[in-house]
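Visitor: This is the structure, below, for whatever I ask next.
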Amino acid sequence: MSRSESPRPLLEMRGISKTFPAVRALDNVSLTVYPGEIHSLMGENGAGKSTLMKILSGAYRADAGGEILIDGQRIEIDGPLAARDAGVAVIYQELCLSPNLTVAENIYVGRELRRGNRRWGTIDRAAMARGCQDVLARLGAPFGPDTLVDTLSIAEQQLVEIARAVHTRARILVMDEPTTPLSSRETEHLFRLIRQLREEGLAIIYISHRMAEIYELSDRVSVLRDGAYVGTLERASLSAERLVAMMVGRDISGFYKKEHAPYDPGHLLLSVRDIADGTRVRGCSLDLHAGEVLGIAGLVGAGRTELARLIFGAEPRVRGDVKLGERTFGAHSPRDAIDAGLVYLTEDRKRQGLFLDMSVRDNINISVCNRDARLGALDLARGAERARDAIASLSIRVPHANVNVGALSGGNQQKVLLSRLLETKPRVLILDEPTRGVDIGAKSEIYRIINELARAGVGVIVISSELPEIIGVADRVLVMREGEIAGELGGHTHTPITQEAIIALATGSQAELADAH
């Protein structure tokens, strides 16, 4: 049943507030969702989206005064079981599955079928397998009920979570950043599935920072800011400028802030020739000029990150040369790269970039603390000053420099990592998925930093899976396919940088068309 066929809302959250010690996370927020609707929820990190959904899912109790209605009836959701009984299911970014159990056992978790006594009887695994076959077939699952979850891909595990929600007869399905770990093809399959569930009458609450996804899926979009409800837009009135202004509370004109002047690069900074690792990168060459932003695009698995790590010296190469100016650095030496003025921002900031249990100050200073050493002792005052300057210049939202970086939002963590790299005064900066998992406001600030660095003469390489981002920030784009450079757009090629052109090069369809002619 579509929204047009059902004027009565399925879900109403009215006047919801939530206070934590010294923090008011939600302030009188309301949300209305109809059956057969994909209702997106947007806002910067810390806006209150997750808190609102945790109240709906029973993970949190709201403050007194608000109410939740389903089908017009007021209900109390005092825990996850109450939420499930009310028809609410949530699929979080971190999937909640038991990898050592089968698909059927995960679908029935907490509702196991038993032989004989329903409470104490032995678990009837065969009955559970039979009981979930229909829902797996309905969702087009490429695996059976007896498959161990540990053997499934992330996309398939996500499908198990959706199957569990459908099997419990959920009517309201919340999805929090579901495409973050997925490839483009897996994302397309997920979108088809979401639309199928909408046609079956489910209400989908979809949380994402990715504007393209919001446009593609949403029937309506509601925006939160600083714990308060800002407004709801119908699909017909959606625009990036309007959504961003609602989220950040100000107009962000020129979101990417790129001044698309005629291509006029500075002197050659970085030269990479015939670099290869023997398997994933096969003879790639590129040049980067002073003041240039070079985008590297391609499908997942094309070799973009591997190429960046080879250039940086983080992975051994079997052949090829990397020169920064007149200096050639070793085959496996990030230290040489950093000393020469080349730094790399990893795509996995939590595991490979940041020290989450250390302070913001220490994370910013750790690459340059030897500069402050005097007779074997660190100059703590200079380190504190450096951290304060970085916090101010990159607009890092933090109460003080001594807070652990693990407590910050994704966008602020990314800016801490970026500030550490900038303290080394780089000549070349490689950014691997620099805005992954960060909110709209933080994205805009990162784009500002990229463009300021380029104007100062730094050469910047941006690797991104978001095509609007690549198109928005880059002067020139290299597209990779199967470990090789498939083509170049922009720059002196005078070939427009478009999504269609990038996709054609990334998939090989352009080459296939040429061969056909």
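Cβ atoms are placed via backbone N, Cα and C, with glycine included.
So Swiss-Prot lists the following for this protein:
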- 11-251: domain 'ABC transporter 1' (DOMAIN)
- Gly43, Glu44, Asn45, Gly46, Ala47, Gly48, Lys49, Ser50: ATP binding site (BINDING)
- 263-507: domain 'ABC transporter 2' (DOMAIN)
Visitor: Using a Cβ-Cβ cut-off under 8 angstroms and a sequence gap of six or more, which residues of the chain neighbour Glu44 (ATP binding site)?
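Guide: Counting only residues 6 or more apart in sequence, the Cβ neighbours of Glu44 (ATP binding site) under 8 Å are Arg225, Met247, Val248, Gly411, Asp439, Ile440, Gly441, Ala442.
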Visitor: Using the Cβ centroid of Gly43, Glu44, Asn45, Gly46, Ala47, Gly48, Lys49, Ser50 as the reference point for the ATP site, which residues of the same chain not in that list have Cβ within 8 Å?
Guide: Thr51, Leu224, Asp439
Visitor: Sort out for me which one of Gly43, Gly46, Gly48 has the most neighbouring CB atoms within 10 A, since those are the binding-site residues we care about.
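Guide: Per the Cβ count, the most surrounded site is Gly43.
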Visitor: As a test of the contact definition, list every same-chain residue at least 6 positions from Lys49 (ATP binding site) whose Cβ is closer than 8 Å to its Cβ.
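Guide: Those within reach of Lys49 (ATP binding site), by Cβ under 8 Å and sequence separation of 6 or more, are Leu41, Met42, Gly43, Ile207, Leu224.
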Visitor: Over the domain 'ABC transporter 2' (263-507), what does the predicted model average in pLDDT?
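Guide: Mean per-residue confidence for the domain 'ABC transporter 2' (263-507): 86 out of 100.
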Visitor: Cβ distance under 8 Å to Asn45 (ATP binding site), same chain, sequence separation 6 or more: which residues?
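Guide: Residues satisfying the criterion: Ser409, Gly410, Gly411, Asn412, Val438, Asp439, Ala442.
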Visitor: By a simple count of other Cβ atoms within 10 Å, which of Ala47, Ser50, the binding-site residues in the record, is least packed?
Guide: Ser50
